[in-house]
Amino acid sequence: MAKKNYGQVYNILGWGDPYFTVNSHGHLAVKPHGRDTMSGQDIDVHSVIHRALATTITTNDGDKKPQFPMILRFPDVLKNRLDSLHAAFHGAVDSTGYASRYQGVFPIKVNQNKAVVQDLVTFGHGYSYGLEAGSKPELLIAMSCLAKAKPGAYLVCNGYKDADYVALALSARAMGLNAIIVLEMEEELDIVVEQSARLGVEPVIGVRAKLLTKIPGHFGSTAGKHGKFGMLADKIYEVAGKLKKMGKLHWLKLLHYHVGSMIPTTDIVYNAAAEAAGIYCALVKEHGATGMTTLDCGGGLGVDYDGTRSGSSDMSVAYGLEQYASSIVQAVRLTCDDNGVPHPVLCTESGRAMASHHSMIILEALSAIPEPQDEEDTHHRLLSKIQDLSSKQPRTAHTVNGGGGVDAMHSHAVELKKHGIEMYKLAKKLSKRVTGDANGIYNYHMNLSVFSLVPDFWGIGQLFPMMPVSRLNEKPTINGTLVDITCDSDGKVEKFIRDAVTLPLHPLDDAAAEHGGYYVAALLSGAYQEALACKHNLFSGPTLVRVESAGGGGAFKIVSVELGPTAEEVIGTMRYDVKNDISDVIEKVATENGVWPMVEPLMKKGLTTMPYLNDYKPPKTTF
């Protein structure tokens, strides 16, 4: 009799296709080559964890074992994402008769980790795949990594710039790199002209367009005419005129736009590309910029975190790679053909869609205890509160201040916000109460810091698909929330994909101990989380494990295991001199009190290990 598979409880067929599955052992497994993964090549995540834990790492402080939490990286998945993106664009170019090519870049801000950036440059060599930088540190990383790239790979220099940034970008051109300085505002042109003359290096520049096309929701907040970056079309044409007067219009090669991360539908993808292509054509035809070669469509290629393919929220997109590529190629081709302008090279800065799938965060369960119910907040009383609040609509702007006015409108907006927040809190509490009344809710204490591992959850409400690593052939019987070990009430994950307020989990019983522990994976987490992580309570980054496929039979090899920062290293980032300010002071006081022999080994262990809990007893559920 076939064992049951409860993977679909977590919608793994939605968000996980084609990289994640549940194997015959009831374990989460990775399909390292996506749809090209052959039978027997799936990598068992549970086995990876236990092999990693058995690894001995030699450090200056002696041999150590890995600690939780940990990030598992699968570079084979990263390569497949890159190959799939290029296949999608190459297919769209070939099928439409587009008379140029696609040549993309990876925005370093998405994941600055050395292995990730270097892998992408290596994997993308045949595609002339390049990098995008938005700061001087990122530019230095790009310059070093692209030294090994195929000549001609783009080094797109975005972000606000000072003279040092511009000079560094010009030095990259002097090194033979294809660095393009993208102007965010007109004033940056003066810096480029000045530094070019000083260094004797002729630049290649681009301009960033502020499009009128917008996307809804959180990720569209920096787009449109009121957006933070770029210039409106008229200002771009002024820049072209300024270059023409200086006899430097040949410097201008690229037009860049970015309407926001996580574009939800292909209609918006198409409209943005068509609008930008119109500006590109005007620069070529009406403003004499005949040397233009490239349209950089920026980021926005989304990830379907909730697996619905609906595009109806910030967590979902209603398309795949092929539809995205086709929308851009078709829009630019038709616009350029209508204007009689040669088709430009198409570039995208697709970071989230490249990096998300290749990395997962592994969280260790420490204990599980029932969440106490507030006896006064029965679901009937909560529903009554919601109905009562709904009947008390905030005053209109007109009644606030006679005829209204700016102050009245602002006051009304503030009241609406407070009203909405209170309604949301009550509705959320009602949802949890109904769930708890039916089955009870358990708080699973996890060896993690929300602020260090999934900061986007805390910061913007970003949701990641989460599921147990093992026991997926057993029905999960507990409604759980995840509680971290920080001293902060925000350190809790109690919202999940598909509008769930709990995550189906298993009891922490003898079966959990038999599996060597109970682990929950946060998936599609390879973009932004490490870069945005903070040090709340001085918890640090995780252990990093690099895993590669080793052929059939589920074979894999652990290429490297890197421990996360030690307590000593984290304390040092807060400007403490660990020896003078910490070690020497503790030694002095402990010696004076005659307890140094006891304190010394404890202090040493505390400083030289990761700040998370270590050597924790097997987890249990309190019923």
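Sequential numbering from 1, following the chain as shown.
Cβ coordinates are placed from backbone N, Cα and C, and glycine is handled just like the others.
Some features that Swiss-Prot has for this protein:
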- Leu295, Asp296, Cys297, Gly298, Gly299, Gly300, Leu301, Gly302, Val303, Asp304, Tyr305: substrate binding site (BINDING)
- Lys109: N6-(pyridoxal phosphate)lysine (MOD_RES)
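Of all the binding-site residues listed here (Leu295, Cys297, Leu301, Val303), it is Val303 whose C-beta has the fewest other C-beta atoms within 10 angstroms. Every protein chain considered, the tally of other Cβ atoms within 10 Å of the Cβ of Tyr305 (substrate binding site) stands at 24. DSSP classifies Cys297 (substrate binding site) as coil under the three-state reduction. Put simply, Lys109 (N6-(pyridoxal phosphate)lysine) is 17 Å from Cys297 (substrate binding site) when counted between their Cα atoms.
Secondary structure from DSSP puts Lys109 (N6-(pyridoxal phosphate)lysine) in a helix. The local packing around Gly299 (substrate binding site), expressed as other Cβ atoms within 10 Å of its Cβ over all shown chains, amounts to 22. Distance noted between the C-alpha atoms of Leu301 (substrate binding site) and Lys109 (N6-(pyridoxal phosphate)lysine) is 15 Å. Cβ contacts within 10 Å of Lys109 (N6-(pyridoxal phosphate)lysine), excluding its own Cβ and spanning all protein chains shown: 20. When the Cα of the residue listed as 'N6-(pyridoxal phosphate)lysine' is compared against those of the binding-site residues Leu295, Gly299, Val303, Tyr305, the shortest separation belongs to Gly299.
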